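Taken from Swiss-Prot, the feature NAD(+) binding site applies to 74-87, 274-286, supported by similarity to another entry. Taken from Swiss-Prot, the feature substrate binding site covers R94, R104, R132, D217. Annotated Mg(2+) binding site per Swiss-Prot: D217, D241, D245, in sequence order. Swiss-Prot lists Y139, K185 with the feature site 'Important for catalysis', giving similarity to another entry as the kind of evidence.
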Amino acid sequence: MRVAVLPGDGIGPEVTEAALRVLKALDEREGLGLTYETFPFGGAAIDGYGEPFPEVTRKGVEAAEAVLLGSVGGPKWDALPRKIRPESGLLALRKSQDLFANLRPAKVFPGLERLSPLKEEIARGVDVLIVRELTGGIYFGEPRGMSEAEAWNTERYSKPEVERVAKVAFEAARKRRRHLTSVDKANVLEVGEFWRKTVEEVHKGYPDVALDHQYVDAMAMHLVKNPARFDVVVTGNIFGDILSDLASVLPGSLGLLPSASLGRGTPVFEPVHGSAPDIAGKGIANPTAAILSAAMMLEHAFGLVELARRVEAAVAKALRETPPPDLGGSAGTQAFTEEVLRHL
């Protein structure tokens, strides 16, 4: 099982190293046969190769079965043209692998309800996974344009585009609490009608998973009023963009949020947080999101669901007993990782 490691910039190398320590500890005990090769990416690749996603990295990604990514960007490269900034490497990476589904879990860990902006009794038990379609919808639909008098965009989805992201969501729900909520605007938009009908057709292949539908405006309200009711949520590109950001504030810290991007090529697993150049090299970065991204890799790239849950449980215990500085504790990157390993 080959993993391409892209540490990136800022705190990326530090938190990625923490995630690798956890993976290697599991490998030693379970004999997983994981192998790792590190490649330049983002600003680090610009410095060495003049571009954020060089050919050597592209080939490494294509030869791997999963990508573990750190973070990209920083003020050092902000003055560069937009097309060659570190962040453009992310778009190129996703496009090269045809990654059409983004998975963003938002979980309020037991004992950390106080961090959520919601009341503790509302935040308690929140564990929702947002599955967002990444490559279609209004962000990519044609025709699009703007004149002095008007502007226009096109919301468009084909049946295969909806079917494939729906299958990803149903599969994810099957590994969790077996409940999928599909979000659309079927009462106003034909695309929403089409989305709902197609998801219902896909549901026939997953009779063990419960399915319900929500309009996007109602869904935004429910995510604030009663987020614990949801298990897996699937939706289109623009609605997923908004709802995943809304859900991301529920745990109370970006340092807790992993993500996965899945598709036809090599899947990518990365923290939601940025490169945080202000704390890079200080040994205080919270590695939780990177470690949980590694857990998502075990589950979604290699099918090791039980091991992924063990990592999540170890992280939850470490967060409760020895939280890192951004969560009100004092455990630095190394110390927190040691605690995760101890609980693991």
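Here the Cβ of each residue, glycine as well, is placed from N, Cα and C on the backbone.
DSSP assigns R132 (substrate binding site) to a strand.
It is 39 Å from the Cα atom of D217 (substrate binding site) to that of A280 (NAD(+) binding site). D245 (Mg(2+) binding site) has R104 nearby among the binding-site residues D78, R82, R104, counting only those with a Cα within 10 angstroms of its own Cα. Our reading of the substrate binding annotation (R94, R104, R132, D217) yields a largest Cα to Cα distance of 29 angstrom. Residues V216, A220, I238, F239, G240, I242, L243, S244, L246 surround the recorded Mg(2+) site, their Cβ atoms falling within 8 Å of the Cβ centroid of D217, D241, D245, which are themselves excluded. A distance of 21 Å separates the Cα atom of K185 (site 'Important for catalysis') from that of R104 (substrate binding site). The secondary structure of A276 (NAD(+) binding site), as reduced to three states from DSSP, is coil rather than helix or strand. Put simply, R82 (NAD(+) binding site) is 17 Å from R94 (substrate binding site) when counted between their Cα atoms. It is D241 that, of the binding-site residues D78, D217, D241, D245, has its Cβ surrounded by the most other Cβ atoms within 10 Å.
Between the recorded positions R82, R94, R104, R132, K185, R132 has the most other Cβ atoms inside 10 Å of its own Cβ, all protein chains included. Around P86 (NAD(+) binding site), the same-chain residues at least 6 positions away in sequence with a Cβ under 8 Å from its Cβ are G8, D9, G42, G43, A45, I46, P52, V72, G73, G74, W77.
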